[in-house]
């Protein structure tokens, strides 16, 4: 691949400016402030109880989720030694654009007199929609250009909003913490893209695909913020009051149990019983993903902890044994191991939801088996949209016009970012010295 | 400048202790807890509507702003390779003293039976007052001693509280997100100080005035926390309810649009279309500054995004083309480029406010053109107090008794901090030991 | 000590898995969601006023405290150059297990029809209980294995819950911000453990027991988050409304005054008046600890600032002069100096509480001198349980079967973690090249 093809000049700025101008125009046509009058379709989500909602009630939860999206996902991916600028920087770009696009796409299904009325509930959902892209970003991290990533954002959020509509409004399935429609969807979408963009040249790994001591600490900032605020993620759109409290407690306890099993299994499978940072950074979060679908159900603190405990085990084992197999045998190069953090635990969450609904743990549900069937269809729908949508997106991204990086420049910020000169000089002197040897 | 003059011993501790003791005495005389009885002048800011305020209602927003002040500003300035201790450490010192001083200075204009009654609203405003100092600190970063900075804090907050009184209480101007009274004021105050303290010896730059890879990542912690919580900054003192919601949504959308234009223009003006960390760390925030004055007005989501979009462009272009000219032609050495993040976008915010008020976007405003004129006078007042106040402050700081750093020790923590010796020695000793083997 | 004894394989995973399975079973037997019906013993803490509590009212404060526990304590301890993985990683493990254990231990004293009903108030207290362990962890940081730390967690939280019951329910003492029952208790417990585990081999220090430039910056993330959210820590379980507001304001102001005195004294006692990062990272927080016991009392803003001011001085002097003496003369090797951050300020807080209660600053207290006596007994109880409990725990941890690190591997992540290979190789290549030159 010739060097000039990675040059973003013109391609990236023009795409970003045109997208933003179109978005602003669409906002001018469709989007107004919520004025508290005449709620539309989503009123039944959060208004049908005795609690009189104030416009700002959900704001603290929104800010927790905002932190998860921008600090959590952004820093979680800084573990690579030479790709921190892209991780936190592209995360900011994709999420900032994605929330605008998500607000439009989700809003189009819920028009109120032809308008999208923005309130805190809607911007929470807009933030949620970006999470799918950030999960998929983890699968293709280091192997895609900013231009490709912007295109993926548009496509993935558009398809997400269709699947969300199917799952929530048509099937009437429960997925309060979005194990299926965000985590499983985002993971399998990203894996499908990664499969289509398979790079044989990276089959034997890459010098830059590893961490250094401090990059692993930066990543822990992301991990811990995700871990702490996950109860907000899983409860923000739950019914207010005791149902929301249940979602908080289930998530809090599931995550705590998950930490214990993730640490235990990490030590069990590693050399000399040592702990592995990759597991700690990721598998400790699997409990939040897996308890998502049934977070607001009456599964009991015991049930929530069991789900988290199992998720921690599955996720750690996935990192250790499954990821290498996917890469070598199926051509799926999953940089951050999103399959283990979002994919498997997301499916576990979907399955738990089916069981919980079948057992009547969801309050107000009439026909248990009918509802359980809807849950199963919702899971299948999420996986189907993800795999087909991801594959189509991958084919589009494969067109050789999006400034994608050549193999040797993968996982390297220097291709798309001005990198401080000290570093390079340092490396040059290293290179120089080695050359002399 | 002889070496001993930078020795802070006695000067700094005595100044800090005396200032704190005086402050504690003043608190003993003037400050009491709010007990909910008999609100004073600021009641009309937040109490005159149907919403019955509880004492802790604003607390979550206060904490968001607290994070912006102490993590946001503190880490944003850690981008310099050898000045991280001072950035985050001096930020903590100046803000911790500044909030006490600000509470006194602002409170003196709103005495209630001779007392300042502290509530969440007042400590939010105290935090706000420190933001002006932290912005100015960015302009003189690396070139001033802790002693100088403490003196600047006293003077800048005192003058700020006068201008705030003029703008809010006398002119009755609107500046809910403080584009004018904090951002423009803080930036031009700092630039005036920097002009007076001009150092010809730094005309050709300084070895330490640059970043390393990980210092740029630390700075991104600051950027992202500022970016996320800016909706709280712009809405905290808005009227509760739907007006506050409007301020949140306008800021959220302005910032999202600003990210897109800042990235696009950064890539457009840089070598080979690469992104520049300086732009990403700063210009992505310009949308929050610029939408401040009219955040609580009915400018429409479309209008907010347009303001953010333009702010991102102006700010990035300022970093690229204006900062070098200010330094070389006008003798204004603006270390962090606060002119581009706070100065220009602050003025843009003030101008947007004039237009928005003239167009009748501010609810409850009677005479549109009269109000617009007050907005214009408020902007002029903020700039005037900033430039004159900053110049006078600069002259005082120029007195050769404040342990200011000599040119060669600028941008270096080692002058005022114990710095770990290990880094370089460590490598050398490693090299040495191995060589012996 | 032979190398194999540090191998955690089997010991650690089995302990962690067994503990978690037992915990899940106990949760299955005892723990249910709060459904708002029939509050038990702790109702008088937060329900007996006109304020009608919603289930989620305390949630934003809970999240602030959650951040202090997981980010605050975790990153504060990353200051060591080679022990960041353990600091933030073990912090996560111990707190995640500790909150489950704490919820059980504290809940057993407040059973409601044989069940522990979980609400936000209870998970705040569960988080609190882990703080004691994290403080003690600071004293033994770098010198203990994960196995030892898990055992310490069980014992320390169990004993904590007994002392808490004595102090709060039997003595009826006031300790809203837990200066005595968390800070003093955690510190002296940890110091007692450290004394029993005294290592003569570390008498002359250790190569790894120091910071590098960026590890000190990581630690400041912890410091600043602790500093900012401390008002939530001290006010979360205060009576809602104006009492809670008082606790917030007292803590906010105490911390601000403490920063000033800590910086001043740091500069006063250091070489050439420089600031020392150890003081800034720790002593700036002493004001939050010391104002804890009387945070919700009517001590006046002036009184709160005075407490903070004194705490900052005592804490800084403790780091400078007391810690070396404790290590050399008493055999107490206190890695993080928790005696200066939690021990001394905690005792100061307890003493302040005695004085404040004697002066009738606690609203609703009937007999001032009787209440003051109860406060004094509460302080003595906390210190007694800490010293005896810590000594016994130390003796158990001393058994040579818990994979404790040999002296030469102290303060080194590589013993229990997979550490990225690049660092060392990198340095080796540097060394190699230099040797050749």
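Cβ from N, Cα, C; glycine included.
In TrEMBL, annotation is done automatically, which means it is predicted and not curated.
As recorded in TrEMBL:
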TRANSMEM  C:12-33  transmembrane segment
DOMAIN    C:53-413  domain 'Ammonium transporter AmtB-like'
TRANSMEM  C:61-80  transmembrane segment
TRANSMEM  C:92-111  transmembrane segment
TRANSMEM  C:123-142  transmembrane segment
TRANSMEM  C:149-171  transmembrane segment
TRANSMEM  C:177-198  transmembrane segment
TRANSMEM  C:210-230  transmembrane segment
TRANSMEM  C:242-265  transmembrane segment
TRANSMEM  C:302-322  transmembrane segment
TRANSMEM  C:342-360  transmembrane segment
TRANSMEM  C:372-397  transmembrane segment
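Against the transmembrane segment (C:177-198), stretch C:342-360 has more CB pairs under 8 A than any other of C:12-33, C:61-80, C:149-171, C:242-265, C:342-360. Over the domain 'Ammonium transporter AmtB-like' (C:53-413) the predicted model carries a mean pLDDT of 96.
Looking at which of C:12-33, C:210-230, C:372-397 has the most CB pairs under 8 Å to the transmembrane segment (C:149-171), the answer is the stretch C:372-397.
Sequence-distant residue pairs (6 or more apart) of the transmembrane segment (C:210-230) and the transmembrane segment (C:61-80) include at least 3 whose Cβ atoms are under 8 Å, placing the two stretches in contact. Most Cβ pairs under 8 Å to the transmembrane segment (C:302-322), among the stretches C:12-33, C:61-80, C:92-111, C:242-265, C:342-360, belong to C:242-265. Only residues 6 or more beyond the boundaries of the transmembrane segment (C:61-80), in the same chain, are considered here, and those with a CB under 8 A from a CB of the stretch are 87-88, 91-92, 95, 120, 123-124, 127-128, 130-131, 134-135, 137-138, 141-142, 208-211, 215-216, 218-219, 221-223, 225-226, 229-230, 232-233, 235-236, 277-278, 281-282, 335-336, 411. Within its own chain, the transmembrane segment (C:92-111) is flanked in space by residues 16, 19-20, 23, 26-27, 30-31, 40-42, 69-70, 73-74, 118, 122-123, 125-130, 133-134, 137, 146, 149-150, 153-154, 157-158, 160-161, 164-165, 169, which lie at least six positions past its ends and keep a Cβ under 8 Å from the stretch. Within its own chain, the transmembrane segment (C:12-33) is flanked in space by residues 97, 100-101, 103-104, 107-108, 111, 114-118, 145-147, 150-151, 154, 403, which lie at least six positions past its ends and keep a Cβ under 8 Å from the stretch.
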